[in-house]
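All remarks here apply to the structure that follows.
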Amino acid sequence: MAPWTLWRCCQRVVGWVPVLFITFVVVWSYYAYVVELCVFTIFGNEENGKTVVYLVAFHLFFVMFVWSYWMTIFTSPASPSKEFYLSNSEKERYEKEFSQERQQEILRRAARALPIYTTSASKTIRYCEKCQLIKPDRAHHCSACDSCILKMDHHCPWVNNCVGFSNYKFFLLFLLYSLLYCLFVAATVLEYFIKFWTNELTDTRAKFHVLFLFFVSAMFFISVLSLFSYHCWLVGKNRTTIESFRAPTFSYGPDGNGFSLGCSKNWRQVFGDEKKYWLLPIFSSLGDGCSFPTRLVGMDPEQASVTNQNEYARSSGSNQPFPIKPLSESKNRLLDSESQWLENGAEEGIVKSGTNNHVTVAIEN
């Protein structure tokens with residue numbers, strides 16, 4: 001077996017250690033709460049009504065937590081579609097060229113029909129040498145998964161999976177139900193934690209589980225709260241974790257808010273338009289993960305006119321780094337109804353706005 005193959009196998013095995021740790025803690029918490037607290041402690045003191053209420057509520061949070069955690073782990077990260085791969089002839093020409101300018105020229109021609117509106121910091125086409133494809137907007141190569149991931153947020157060791165377009169909603173729900181699960185356990189255990197701590201109750205076996213259960217649930221609640229709050233802020237801004245540290249580069253320069261459509265629309269991009277699915281770990285995110293609508297940038301009429309002329313002149317040249325027409329020309333429901341397509345030639349697209357004198361800096365999905 002080659003050393004690299006052996007290393008990858010070991011890496012995959014070790015990657016499941018954090019997941020097994022979380023699984024062990026969850027299984028133990030289930031036993032400690034249901035058996036030691038509800039059955040032996042609360043039901044043993046003849047508090048039957050409280051036992052039933054606690055068990056029903058606990059299992060509701062437990063099922064939603066396990067469901068969302070399972071979906072986050074076992075939902076395969078979405079990869080770029082075949083349109084973003086170079087053809088055999090393009091790949092052959094690209095590999096034969098040693099000049100970076102010539103290589104970029106090949107990539108620019110290949111990207112003309114793709115919905116790509118961001119570049120690298122050096123204004124070059126974002127190309128993955130390992131996957132041999134042109135990276136869609138917001139996609140990045142994950143070294144742990146060894147593939148390009150659509151709208152990659154981060155690789156999470158606690159789920160042993162990449163968090164991206166296909167499972168980001170599940171990841172957020174996993175954090176939410178983790179918080180609710182830990183909060184419910186800590187709040188309902190607190191009464192008996194105090195009784196055991198003050199020796200009002202003397203069952204030594206249940207005492208250990210109840211005391212430890214309170215500390216563990218409170219600790220996890222505090223740690224997950226900060227992470228969940230941070231990701232709620234990211235969703236409101238329509239950013240990924242990667243984009244929060246390194247803003248995407250558009251034709252006019254880096255812009256951390258380039259994909260922001262407003263807080264409400266940003267949330268709907270992740271959770272979808274159907275509110276009945278928002279709290280369920282069922283995929284309902286909008287879009288295909290390969291292209292995304294961008295915000296409208298306000299300009300005065302003279303500046304907008306000059307910008308339109310410059311964009312038209314650049315699109316006519318052979319060195320245009322951005323595509324002229326996306327894969328799909330269907331109007332995205334997230335954008336304002338004022339924005340519309342105006343076809344100018346066979347492959348030219350200029351987006352125009354009505355009363356607010358806005359100009360889009362990137363074409364929507």
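Just so it is clear, glycine is given a Cβ too, placed from its N, Cα and C backbone atoms.
Here Swiss-Prot flags 1-14 (among others) as topological domain 'Cytoplasmic'.
Here Swiss-Prot flags SER29 (among others) as site 'Important for selectivity toward medium-length fatty acids', drawing on experimental evidence. Its Cβ placed at the centre, SER29 (site 'Important for selectivity toward medium-length fatty acids') has 21 other Cβ atoms within 10 Å.
This prediction places the mean pLDDT of the topological domain 'Lumenal' (36-53) at 88. According to Swiss-Prot, the topological domain 'Lumenal' annotation covers 36-53 (among others).
Residues annotated as topological domain 'Cytoplasmic' in Swiss-Prot, with experimental evidence given as evidence: 75-169 (among others). Here the topological domain 'Cytoplasmic' (75-169) is broken down by DSSP into helix, strand and coil counts: 26 helix, 18 strand, 51 coil.
The domain 'DHHC' annotation in Swiss-Prot covers 126-176.
Look at Swiss-Prot and you will find CYS128, CYS131, HIS141, CYS148 tagged as Zn(2+) 1 binding site, backed by experimental evidence.
A sphere of 10 angstroms centred on the C-beta of CYS142 (substrate binding site) encloses 18 other C-beta atoms. Look at Swiss-Prot and you will find LYS135, HIS140, HIS141, CYS142, SER143 tagged as substrate binding site, backed by a curator's inference.
Residues or ranges marked as Zn(2+) 2 binding site in Swiss-Prot (evidence: experimental evidence): CYS142, CYS145, HIS155, CYS162. Other Cβ atoms within 10 Å of the Cβ of CYS145 (Zn(2+) 2 binding site) number 17 in total over all chains.
Neighbour count (other Cβ atoms within 10 Å of the Cβ, all protein chains): 19 for CYS156 (active site, S-palmitoyl cysteine intermediate). Taken from Swiss-Prot, the feature active site, S-palmitoyl cysteine intermediate applies to CYS156.
Per Swiss-Prot, the feature site 'Important for selectivity toward medium-length fatty acids' maps to TYR181 (among others). In the three-state DSSP reading, TYR181 (site 'Important for selectivity toward medium-length fatty acids') counts as helix. Within 10 Å of the C-beta of TYR181 (site 'Important for selectivity toward medium-length fatty acids') there are 24 other C-beta atoms, taking all protein chains into account.
Residues or ranges marked as topological domain 'Lumenal' by Swiss-Prot: 191-207 (among others).
Residues annotated as topological domain 'Cytoplasmic' in Swiss-Prot: 232-365 (among others).
Taken from Swiss-Prot, the feature phosphoserine applies to SER305 (among others), supported by a large-scale study or a structure entry.
The feature phosphoserine is assigned by Swiss-Prot to SER330 (among others), with a large-scale study or a structure entry given as support.
Look at Swiss-Prot and you will find SER339 (among others) tagged as phosphoserine, backed by a large-scale study or a structure entry.
On the backbone, the CA of CYS131 (Zn(2+) 1 binding site) and the CA of CYS145 (Zn(2+) 2 binding site) stand 12 Å apart. In this structure, the CA atom of CYS162 (Zn(2+) 2 binding site) is 10 Å away from the CA atom of HIS141 (Zn(2+) 1 binding site). Other residues of the same chain near the Zn(2+) 2 site, with their Cβ within 8 Å of the Cβ centroid of CYS142, CYS145, HIS155, CYS162, are PRO77, SER143, ALA144, SER147, ILE149, MET152, ASN161, GLY164. A simple Cβ count within 10 Å picks out one of the binding-site residues CYS128, CYS148 as the most packed, and that one is CYS148. Remote same-chain partners of the topological domain 'Lumenal' (191-207), defined as residues 6 or more beyond its termini with a Cβ less than 8 Å from a stretch Cβ, comprise 36-37, 40-42, 44, 214. Taking SER29, CYS128, CYS156, TYR181 as the recorded positions under consideration, the smallest Cα distance to LYS135 (substrate binding site) is found for CYS128.
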